Amino acid sequence: MENQRLILLIALAGISLLLYFAWEREQMDPAEPVVEEQESEVDQEAPDAPSRAEEPDAGDPMAEGVVDPDDEDAKRVRVKTDLIEAEISTQGGDIRQLDLLKHQKASDDPTPYRLLRDEGEPLFVAQAGLGGDGPAPGRDARYEVDQDEFELAEGEDTLEVPLIWEEDGVKVRKVYTFRRDSYLVDVRHEVENNAEDDWAGFQYVQLRRRPDPAGTTPWYIHSFTGGSLYTQEDRFSRISFSDMEDSDLSQDERDGWAAMLQHYFLGVMIPERGETYRYYTRALPQETYLLGMSSPWLQVAAGESGQKTNHLFVGPKEQDRLTAVGSALDVDDLRLTVDYGFLTILANPLFWALDQIENLVKNWGVAILILTLLIKIAFYKLSAISYRSMAKMRKVQPKMQQIRERYSDDRQQMNQALMELYKKEKINPLGGCLPILVQIPVFIALYWVLVESVELRHAPFMLWIQDLSSRDPYFILPLLMGASMLVQMKLNPPPMDPIQKRVMQVLPFVFTGFFMLFPAGLVLYWLTNNILSIAQQWYILRQVEKSDTA
């Protein structure tokens, strides 16, 4: 009976994991893009923007069409800092490309990771402009620049990239400000009204993107790709691409922020504090989706000047950086963009501990080993109770076999006799299940820490393990993990039933195959945990045997 329950528990644990991964996948946007040829984008009709006259408190989005290719008169302005290399088009003043210099495309490809792009898939572009009743540089504006390349100089902490637009006496200076050691970009519009009439308008910032093409991430990684909105009332909420298809969002909020999320990276739009902004979404042609925000109206009298500034964070979900940006701009909970699933409450302290250890040892693999040891120490007494119960079960196996043979034709009498034996020997038949029950939530939480934390992306361990976030290329760790499970089986009480015995013999091989697909960091944790468990179980088994002979 006890082995049946143990087998059932293990089976339920495996099924629970599979169901959890399936459930997580269902929570993500299921739609896959059907991408047309990019040249056809130019001819797409734009959805009409809603009327501004009815709601003058916040500007409405400039949501026309999709991203047009540069015309022949447009220039690409190249910008380089210590962390990013970007291209800004003079057509609309969009950030059309942005490479992350400290993050590789792949572990075996040193090319910088391209987060923003207007060529290839997925399309992801940052746009900013002005809208209003009078002249304003919107999506189709043509800006002038004094130079084609800007680079952050040694000893300088900021780099300004000005773009100039002028029409009918209204001059707009659009300035991108980049910073050293930062992925934060300020977007400032300076309006100089030399016209005879007063000028009124609003600033908008928006992100356009397509879903990732099918097959770009492994099946075991179901990280959310789509929009999100943070408000003081509802806190953090996701906006999937299917939500954008169903209805347009138009929501006024004070001191919020909006982000376009993907695995490991994101773009966040952060308004100035203390003002009410309108957040909006649009589903556009060519499987393109838009998430943006627009400011309250800016009034500039004739002969006067005014300006409006907002912020863009475009980079990796590095939690220290997100925390620093939040502190600098007085923004709440940017770290919520790092999604560890329903066990976030457990995953966050696990990541914190892992990060603190890595700061000391400077190796994420070693940090996983130390964290596993600390977890084992924390649950040492609980595990000891279970292992003592299993050791006692092992000791009474001959008596249990006699009971089974004596009452082979009367299952009720057999179970009653077994329970009396457990009571006499002070054995809890389910005691051996506790280590598994304890490890399941830790396992799931650590799984998401390893696959969702960009800090571990392409993080090397040693020897052949050069990326803890991807699977072992030679399957050595999964094979060692399977071998450790076989050793554990030898220490456990053997099942009496031959069918149960065969099932238990097969389980290590099933788990080995399963773990061949998991990140190497997770297998490293499980292998280390198994080795420590074997050592503890062997030690307790020897203690029980000595106490019996004393």
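We number each residue from 1, going along the chain as drawn.
Note that Cβ sites are derived from N, Cα and C of the backbone, with glycine treated the same way.
Summarising the annotation, Swiss-Prot assigns transmembrane segment to 6-26 (among others) and lists sequence analysis as the type of evidence.
Taken from Swiss-Prot, the feature region 'Disordered' covers 31-74.
Summarising the annotation, Swiss-Prot assigns compositional bias 'Acidic residues' to 34-46.
Taken from Swiss-Prot, the feature transmembrane segment covers 341-361 (among others).
Sequence-distant contacts of the transmembrane segment (365-385) (same chain, six or more residues past either end, CB-CB distance under 8 Å): 350, 353-355, 357-358, 431, 434-435, 438, 442, 459-462, 465, 468, 521, 524-525, 528-529, 532-533, 536, 540. Feature annotation from Swiss-Prot assigns transmembrane segment to 365-385 (among others).
Swiss-Prot lists 431-451 (among others) with the feature transmembrane segment, giving sequence analysis as the kind of evidence.
The annotation transmembrane segment is assigned in Swiss-Prot to 473-493 (among others).
Note on the transmembrane segment (506-526): residues 10, 14, 218-220, 364-365, 368-369, 371-372, 443, 446-447, 450-451, 456, 459, 461, 465, 467-472, 475, 477-479, 481-483, 485-486, 489 of its chain, located 6 or more positions outside it, place their CB under 8 angstroms from a CB of the stretch. The feature transmembrane segment is assigned by Swiss-Prot to 506-526 (among others), with sequence analysis given as support.
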Same-chain residues at least 6 beyond the ends of the transmembrane segment (341-361) whose Cβ lies under 8 Å from its Cβ atoms: 24, 319, 367-368, 370-371, 374, 441-442, 444-446, 448-449, 453, 455
